[in-house]
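Notes for the one structure printed next.
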Amino acid sequence: MVGGSGEEKGQKSGFMAGSHPYFNLPDFTQPSPPSTPPSLSSHQRCRPSDATKGLLVALLGGGLPAGFVGPFSRMAYQASHFPSLELLICRCLFHLPIALLLKLRGDPLLGPPDVRGRACLHALLNVLSIGCAYSAVQVVPAGNAATVRKGSSTVCSALLALCLESQRLSGYDWCGLLGSTLGLIIIVGPGLGTLQEGTTGLYTALGYVLAFLGGLALSLGLLVYRSLDFPSCLPTVAFLFGLVGLVGSVPGLFMLQTPVLPKDPLSWSCVGAVGILALVSFVCVSYAVTKAHPALVCAVLHSEVVVALMLQYYVLYETVAPSDIMGAGVVLGSIAIITAQNLSCEREGQVEE
């Protein structure tokens, strides 16, 4: 009887504790454990998507350092009439030490035999693009030369990607691309409409043509790089750029231009800064184009134009028109649209799957 009464009491206390199938009430007689904030498990945590990482690398490591290259190149030319091909040779010298990295890793310097032709083509296109840019910046203001080159590279990258790779862009991406192109037209349009007649106007027009061709070669080079897929691809193409640039620039320097040995420290400082910043920009852009659409990468690289315009006004003391400021604002707004559209995170669990 005693045991039976104990079982009945246990059943009653269980009912009071909320064990009834229809009335699941908590047991307020027992102290509740301290509440802890919910935490995401390892498979639910977010990390930036590949497109986000690519665009951020292109913006911070590609566009901003490249914005200093044009003004520094112009400063070297104004200080000692440093030829464009000689400046390209000095830049290529900064790429050659990458051969030590390839040797330490045991990789072939020219890449695997099956992709060696495309890797050399990528290097040749980049050399042509940089050579056209350095030549254009000597007869055209640095900001305008960078504007034409980046604008043509963006438009050509979008068209080539649609025709050859069948890659689709979202509505926000197209809005950003059109906005950035409109900003570039606002910057360079008034200058094209007021070209002087005679030799000066001819050289200025030739500078704009070279800047356009430099952008076209850049877009082709980015498209070729996306087709390369082998280990140590990035250091290989960086070394090939230096090798192909030296092979092509050294004979051209003695045939087309006159070598100059500057004696002032300003010229050497500008040349060294151009080599280092250009190498950083080259590596970051090559990495970014494997993560994001090449047209979006080129659009984000329009930040180079804004930096070049600022240096053109504050360092080179060259005139910056109100249209330049308006166009730079449109470019920055377009970059913000593209970056905000592609800022997303991926679930680690989904990525692993």
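Placed from the backbone N, Cα and C atoms, the Cβ positions cover glycine too.
TrEMBL lists 1-47 with the feature region 'Disordered'.
Summarising the annotation, TrEMBL assigns compositional bias 'Basic and acidic residues' to 1-11.
Taken from TrEMBL, the feature transmembrane segment covers 54-72 (among others). Sequence-distant contacts of the transmembrane segment (54-72) (same chain, six or more residues past either end, CB-CB distance under 8 Å): 48, 133, 137, 142-143, 145-146, 270, 273-274, 277-278, 280-281, 283-285, 287-292, 296-297, 300-308, 310-312, 315-316, 335, 338-339, 342.
Here TrEMBL flags 55-188 (among others) as domain 'EamA'.
Sequence-remote contacts of a segment are chain residues at least 6 beyond its ends whose Cβ falls under 8 Å from one of its Cβ atoms, and for the transmembrane segment (174-193) they are 141, 143-144, 147-148, 150-151, 154-155, 158, 208, 295-296, 299, 302, 305, 309, 321, 323-324, 326-331, 333-335, 337-338, 341. The transmembrane segment annotation in TrEMBL covers 174-193 (among others).
Sequence annotations record features per position, and here TrEMBL assigns transmembrane segment to 205-225 (among others). Below 8 angstroms of C-beta separation, residues 118, 121-122, 125-126, 128-133, 135-140, 144-154, 156-157, 160-161, 164-165, 188, 192, 195, 237, 285-286, 289-290, 294, 297-298 of the same chain, each at least six residues beyond the ends of the transmembrane segment (205-225), sit close to that stretch.
According to TrEMBL, the domain 'EamA' annotation covers 206-339 (among others).
Per TrEMBL, transmembrane segment is recorded for 237-254 (among others).
What TrEMBL lists as transmembrane segment is 266-289 (among others). Sequence-distant contacts of the transmembrane segment (266-289) (same chain, at least 6 residues past either end, Cβ-Cβ under 8 Å): 54-55, 57-58, 60-63, 65-66, 68-69, 72-73, 75-76, 79-80, 82, 87, 90-91, 93-95, 126, 130, 222, 225-226, 234, 237-238, 241, 297, 300-301.
Positions annotated as transmembrane segment by TrEMBL: 296-315 (among others).
For the domain 'EamA' (206-339), the model's pLDDT averages out at 86.
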